[in-house]
């Protein structure tokens, strides 16, 4: 019951309102508030009132301006980085070693035979020295009237060296051809076909728009006159005019890029097991292994297939066994390896660098050697001292990082290796997904989604054009950058690298004899300086650096800053804010009541407009209820001449019967009644 009474009383209070007008409420606030300034406005004289009103308004504006800056600073979620140095026993990093050459040339030569013959013939036509001068060999460069010979960078195009031998597979050439671009007239460059005058397979001749035969350049031409560039021609499909040309400043770069595109198409059709078999095997590549004082061998390495480098081998990956700890810092307690890269079996046009590619990374993470790996040179002993940096980033809303990639909208294609999330894996997975959507096939260098095949020239003739367009597309790259996130916790290995010749001339004889015997069981030396690499990987010290982020502004900082500004400019506190909130609520309350009253008045006006006569009074309603003959006079209802029927009257009340009689006046029979 008490609760019901309280609610009824509160409802009546709400209906009644504060009981003030706006002016009364404002005067009451200025007279009772604890904030400095408003009191002086109502208590001072007219001139001082104006001054204090201006000062109060000015400082209140400054407070709100400062509050806006502080709140905006807090909502920007800035962070500060702190560096701390610790000392502990650390896990030895995972070490991935690969050969710079992905396949043994002796194993893939039958697959690349046509490709090698094409590039050799093209190079002969490009690099054959010119015979004679310009007046003896034809017209000047750029007129396209002399098929057979031409020049680029001071060399003339010669006749095909394959005359009388097996025909070249020009069908392979026409899928992704190399062309010369004559830029003597920059407004109208001329496309020169290298194999215009050579023999063709099946009678097919090259024809592509404005392509002409390669012309001759005078032997004594200056550098300004030799404006030829080698380019890779990429078309949406063979014979299409929708083509693009990838220009290169050096013919070496153009040849390498062209060979990679062509070999990628060929190797994409080879099953994975065959590609693994054609790569370098662990027992042939890893000649010796020592971790600390414990011997190891190739069986302690985990094999994975890397599209860029073929078979790669990972030490201490932590997939099947626990990660190894380093007992002490220093070279004597690290990993020592001797590798054989077999440089004599390199693919000539695919691998221009010789050596081993290696990378240090966290356990259970995929090694992206093309981006983060380093080379170790053949014939040297490479020592790598390692320092550890641990990065700890704050998550949302301070940064857009992820703990395990579960909140990233890109499907991680590298999860098939059971590896952890990384931004490199996300970016490559995103690109491969765009490649599948745009080109209908996947690129050979990245893992495939389910139900998708790798691109090749036979099944996807325009894949190279599509791939090149996608790779140079800024919007597609930006989509991937916006979709992928950095990991919140990361470990980076800083390396100090030093090298020395190994083995020395004095010791190379016995070292090569021993290593050759251990690998091939032969007394003959089968190894040489061009194929041997020695690696020493160790912790320089057990000091590790932790770079952690912390919030630059917290809620405590925000509240203290807001209160400091309010107290400095207005002399206020939290209670003053409560008082200000109270007057705001009362003002809203009064406004609502006025609105309700206005709505009621408007409703009553509408009712009066519908019924113009005044409503009957209470006495008239009572008279009409008790007197059946009572009716309102309505002058317009009856004609003037028509008389009203007689109305039945009501006898007046007997007022004498209502008087009180004296008790002695009552007869004895009254009680009986």
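Here the Cβ of each residue, glycine as well, is placed from N, Cα and C on the backbone.
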Where TrEMBL places transmembrane segment among the ranges 50-75, 76-101: 50-75
Candidate ranges 592-632, 633-673 [criterion: TrEMBL lists as region 'Disordered']: 633-673
TrEMBL annotation (region 'Disordered') - matching range among 12-41, 102-131, 132-161: 132-161
